[in-house]
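Trainee: Below is one structure. I have some questions about it.
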Amino acid sequence: MLLLAPQMLSLLLLALPVLASPAYVAPAPGQALQQTGIVGGQEAPRSKWPWQVSLRVRGPYWMHFCGGSLIHPQWVLTAAHCVEPDIKDLAALRVQLREQHLYYQDQLLPVSRIIVHPQFYIIQTGADIALLELEEPVNISSHIHTVTLPPASETFPPGMPCWVTGWGDVDNNVHLPPPYPLKEVEVPVVENHLCNAEYHTGLHTGHSFQIVRDDMLCAGSENHDSCQGDSGGPLVCKVNGT
């Protein structure tokens, strides 16, 4: 992940949206324009993570810039800062469903609508969540299907093993090399008050200032975390066998 205190735990900071889904990643404070990817993981098996999507922006080519999760045949969940305020033209945005290697077999899908949480302003204030409506529903299969969202009452105890996936950097300033495989890494849930204390290390905000808010969830461990390239992507945890 993004390190504010390299000698401490590197913590994956996620916001728990109103939908009660821990399904996207937010960068650390002070790094709002940097996305996050995977460090310390391995290539994901082709049979896993069928809800993973890649968000693409138009340029010299359709460049990957954020991750997301398919939560319905026609809806993708991602981070608000991935699309707000930079994405003004829907024609410049595409969604690529689960693929093992970026760019090799693209079938880019157009987006018809972006819904950003009305309370989102900047990452540090929380509510960093957005929904993308696809122009057409996708065909659900064993290779492509939705992730299960937890109920609002679900809790994620400290130490609970979860997984982060994406196509981001594999280390600080080290880009994912060709053929750009989807990566995965297992990370434990970290208590919010510990996470908040770690994020204050080296800052001058005072400990009364809450960096990790109540609508956020922390997960991560030393050398196993996220890095630049996949903000908005999923954090998934196995609960009751699902």
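Placed from the backbone N, Cα and C atoms, the Cβ positions cover glycine too.
As listed in Swiss-Prot for this protein:
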type: ACT_SITE; residues: His81; note: active site, charge relay system
type: ACT_SITE; residues: Asp128; note: active site, charge relay system
type: ACT_SITE; residues: Ser231; note: active site, charge relay system
type: DISULFID; residues: Cys66-Cys82; note: disulfide bond
type: DISULFID; residues: Cys162-Cys237; note: disulfide bond
type: DISULFID; residues: Cys195-Cys218; note: disulfide bond
type: DOMAIN; residues: 38-242; note: domain 'Peptidase S1'
type: CARBOHYD; residues: Asn139; note: N-linked glycosylation site
type: SIGNAL; residues: 1-25; note: signal peptide
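Give me the lay of the land around each of these features.
Mentor: Annotation note: His81 (active site, charge relay system) sits in a helical segment as assigned by DSSP.
When Cβ atoms from all protein chains are considered, those within 10 Å of Asp128 (active site, charge relay system) total 33, not counting its own.
Ser231 (active site, charge relay system) falls outside any helix or strand according to DSSP and counts as coil.
Secondary structure at Cys66 (disulfide bond), taken from DSSP and collapsed to helix, strand or coil, is strand.
Within 10 Å of the Cβ of Cys162 (disulfide bond) there are 22 other Cβ atoms, across all protein chains.
Other Cβ atoms within 10 Å of the Cβ of Cys218 (disulfide bond) number 25 in total over all chains.
Confidence over the domain 'Peptidase S1' (38-242), given as mean pLDDT on the 0 to 100 scale, stands at 89.
Close to Asn139 (N-linked glycosylation site) in the fold, though at least 6 residues off in sequence, lie Pro73, each with a CB less than 8 Å from its CB.
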Trainee: Using DSSP and collapsing to three states, where does Asp128 (active site, charge relay system) fall: helix, strand or coil?
Mentor: coil
Trainee: Out of the recorded positions listed (Asp128, Cys195, Ser231, Cys237), which are within 10 Å of Cys82 (disulfide bond), Cα to Cα?
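Mentor: Within 10 Å of Cys82 (disulfide bond): Asp128, Ser231.
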Trainee: Please report the Cα separation of Cys66 (disulfide bond) and Ser231 (active site, charge relay system) in Å, rounded to an integer.
Mentor: 5
Trainee: Would you mind pulling the DSSP three-state label for Cys162 (disulfide bond)?
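Mentor: Note: Cys162 (disulfide bond) is in a strand by DSSP.
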